[in-house]
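K.L.:
My structure is below; once you've seen it, I'll send some questions.
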Amino acid sequence: MALRFPRFSQGLAQDPTTRRIWFGIATAHDFESHDDITEERLYQNIFASHFGQLAIIFLWTSGNLFHVAWQGNFETWIQDPLHVRPIAHAIWDPHFGQPAVEAFTRGGALGPVNIAYSGVYQWWYTIGLRTNEDLYTGALFLLFLSALSLIGGWLHLQPKWKPRVSWFKNAESRLNHHLSGLFGVSSLAWTGHLVHVAIPASRGEYVRWNNFLNVLPHPQGLGPLFTGQWNLYAQNPDSSSHLFGTSQGSGTAILTLLGGFHPQTQSLWLTDMAHHHLAIAILFLIAGHMYRTNFGIGHSIKDLLEAHIPPGGRLGRGHKGLYDTINNSIHFQLGLALASLGVITSLVAQHMYSLPAYAFIAQDFTTQAALYTHHQYIAGFIMTGAFAHGAIFFIRDYNPEQNEDNVLARMLDHKEAIISHLSWASLFLGFHTLGLYVHNDVMLAFGTPEKQILIEPIFAQWIQSAHGKTSYGFDVLLSSTNGPAFNAGRSIWLPGWLSAINENSNSLFLTIGPGDFLVHHAIALGLHTTTLILVKGALDARGSKLMPDKKDFGYSFPCDGPGRGGTCDISAWDAFYLAVFWMLNTIGWVTFYWHWKHITLWQGNVSQFNESSTYLMGWLRDYLWLNSSQLINGYNPFGMNSLSVWAWMFLFGHLVWATGFMFLISWRGYWQELIETLAWAHERTPLANLIRWKDKPVALSIVQARLVGLAHFSVGYIFTYAAFLIASTSGKFG
């Protein structure tokens, strides 16, 4: 008999129903559950799949470069980055006739094109790329890396090149190599690129392989490095009148601490960024030599952890047993990695707009909005994944004997206190924030806006003042003009910072008021509730008072029969499922807030946000409705416009989102009956009945239907907001 899908599970392959396909897809990546899996094969499969992942990433970025070089307008855009719209790629087959062709022919193109809102043009321009040839070269290089990754993945599955489990579990060596190699050497290499290619390009000097060895990045060469006069590299920076990409007003410094932004590009100084990467490189190169490997010097992580026993015994046996627990659990390691990556991704969102690193990106408002929203959503999914794998760790990998009375065991011991405190915080935030919003709504409805409860965020304003924002008049730390820190800041460190923070044209430390106070607490409610659901899901994954033997049922189970007073919806998977809705909800509020505040800032009518954001009707009317009006008006008697495609996507996003509810709100029996009816009709319809299927159609399980519903809900939600965000921003700022 031919092997049927899924090959990794003979039990499933013999299932006569369509369950075989669904369960096969669901468990394809759950290597631990596959037939004949050993620990060694598990690690090797994961290792090989990393190479595949890298190949996909390199291929994707190569495609970006290739399509812009082929169909974009990079060389034209460089001449006037503020007024030429960057083209992502051509549209091969514009539907809806001539009006559509005209609507989408822009950015100086000959035919219909898509505009790039990803910031790649600004990025490539900043790092020194200048011609289409440069882009093609980059695309080919990444294609080569992609092929190399695929070969690497294949190679490490061959018997001779398969790494052993002991190699995968050598934590010290891995940490050393990742710190020194991944972070240290790559940061050093990037500093090299900035100093040798990007900074000269910003000063009008075109450095490529043919003249790479002849052009000195600094007039004094390596002299100052070897004589210890490092300050020479910071002397004579670019002036405030410097025109980016030309020698006009340029200096010779390569490593500076100017602070603030380049006046023309509104982005961080390239020489500051080179300095930053050099510092990071040195830090990580040192960090990558700290752990004990073959040479018997340096720290052993196990010894470090075992030594962590707090005085007074208040945390029991401290970190004893943690080393082996983490080192032997892939889920624990993945959970830690995802938690770190999630935080970093959210920080990227925050810093890309407040401290823009790429030339002219701060003036490309749609790109700013798209990048912020994109990174916040990605961060949300990654963070929920961290807790999901934390829960799987507790179910599959946690060994109570190994962790007796250490910090991990103690988390489980007092989980009720943790969960109840989080619950209390969520309830407090929710009722108080909603109470304030609703009170203000009622006051406006009754025509007495002066009776609103408006709370100034004085603590946040104080923190902003401490960093140098003077408009609140707090006169503290860096905003105190006669303090030593303020005076030192003018000359020794970051002289540009104080002028940047008090400029009103950037997004640094935006002025905040009562509307910000309220939405901040709404977001805090979302964060705490999402965390509550995720933490409870993980801490109760092994068992709860209602169901002490939960871990025997695995990560996801629908119900445990009618006993125990009802055990539906209490698996660790159900917690993850519920948390994703709250995560999307929270990031919705975050992105609404960011977008509305910035739209009013860019349009120069900040009072609209300040006055309308203190009550819910203001958000619904002056943000959502006002900004979606162009989208709801996509097709009208005047024909197509360039927003029509977003209007269609806005509708389509709502459709996908609403389809989610068909799977989320249902009961099981009627699905099966519906399927039987459809199958019956199919078999009795001429022509259609020529097509037969081998598997008996069965309805999705409860858990599967929830997953399908969740996927539609999430995708539709994000599609809808993406269309709204891009159309409302690009419609205003061209």
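Cβ atoms are placed via backbone N, Cα and C, with glycine included.
OK, Swiss-Prot features for this one:
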type: TRANSMEM; residues: 46-69; note: transmembrane segment
type: TRANSMEM; residues: 135-158; note: transmembrane segment
type: TRANSMEM; residues: 175-199; note: transmembrane segment
type: TRANSMEM; residues: 273-291; note: transmembrane segment
type: TRANSMEM; residues: 330-353; note: transmembrane segment
type: TRANSMEM; residues: 369-395; note: transmembrane segment
type: TRANSMEM; residues: 417-439; note: transmembrane segment
type: TRANSMEM; residues: 517-535; note: transmembrane segment
type: BINDING; residues: CYS559, CYS568; note: [4Fe-4S] cluster binding site
type: TRANSMEM; residues: 575-596; note: transmembrane segment
type: TRANSMEM; residues: 643-665; note: transmembrane segment
type: BINDING; residues: HIS654; note: chlorophyll a B1 binding site
type: BINDING; residues: MET662, TYR670; note: chlorophyll a B3 binding site
type: BINDING; residues: TRP671; note: phylloquinone binding site
type: TRANSMEM; residues: 707-727; note: transmembrane segment
K.L.:
Do the transmembrane segment (707-727) and the transmembrane segment (417-439) come together with 3 or more C-beta pairs under 8 Å, pairs six or more apart in sequence?
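P.N.:
No, the transmembrane segment (707-727) and the transmembrane segment (417-439) are not in contact.
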K.L.:
Tell me which of the binding-site residues HIS654, MET662, TRP671 ends up closest to CYS559 ([4Fe-4S] cluster binding site) in space, Cα to Cα.
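P.N.:
Considering only the listed binding-site residues, the nearest one is TRP671.
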K.L.:
Taking Cα atoms as reference points, which of the binding-site residues CYS568, MET662, TYR670, TRP671 is nearest to HIS654 (chlorophyll a B1 binding site)?
P.N.:
MET662
K.L.:
Same chain, outside the transmembrane segment (643-665) by at least 6, Cβ under 8 Å from its Cβ: which residues?
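P.N.:
For the transmembrane segment (643-665), the nonlocal Cβ contacts are 96, 100, 103-104, 628, 630-635, 700, 705-706, 708-724, 726-727, 730-731.
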K.L.:
In whole Å, note down how far the CA of MET662 (chlorophyll a B3 binding site) lies from the CA of CYS568 ([4Fe-4S] cluster binding site).
P.N.:
20
K.L.:
In whole Å, how far is the residue listed as 'phylloquinone binding site' from MET662 (chlorophyll a B3 binding site) when you measure between their Cα atoms?
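P.N.:
So the Cα of the residue listed as 'phylloquinone binding site' lies 11 Å away from that of MET662 (chlorophyll a B3 binding site).
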K.L.:
Quick one: what's DSSP say for CYS559 ([4Fe-4S] cluster binding site), helix, strand or coil?
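P.N.:
DSSP call for CYS559 ([4Fe-4S] cluster binding site): coil, neither helix nor strand.
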K.L.:
Should TYR670 (chlorophyll a B3 binding site) be counted as helix, strand, or coil on the basis of DSSP?
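P.N.:
DSSP call for TYR670 (chlorophyll a B3 binding site): helix.
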K.L.:
In sequence order, what residues of the same chain, 6+ apart, have a Cβ less than 8 Å from the Cβ of the residue listed as 'phylloquinone binding site'?
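P.N.:
Once residues fewer than 6 apart are set aside, the residue listed as 'phylloquinone binding site' is near ALA699, LEU700, ALA705.
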K.L.:
So, three-state DSSP: helix, strand or coil for CYS568 ([4Fe-4S] cluster binding site)?
P.N.:
coil
K.L.:
Once the chains shown are all counted, how many other Cβ atoms turn up within 10 Å of the Cβ of CYS559 ([4Fe-4S] cluster binding site)?
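P.N.:
Looking across every protein chain shown, the total is 15.
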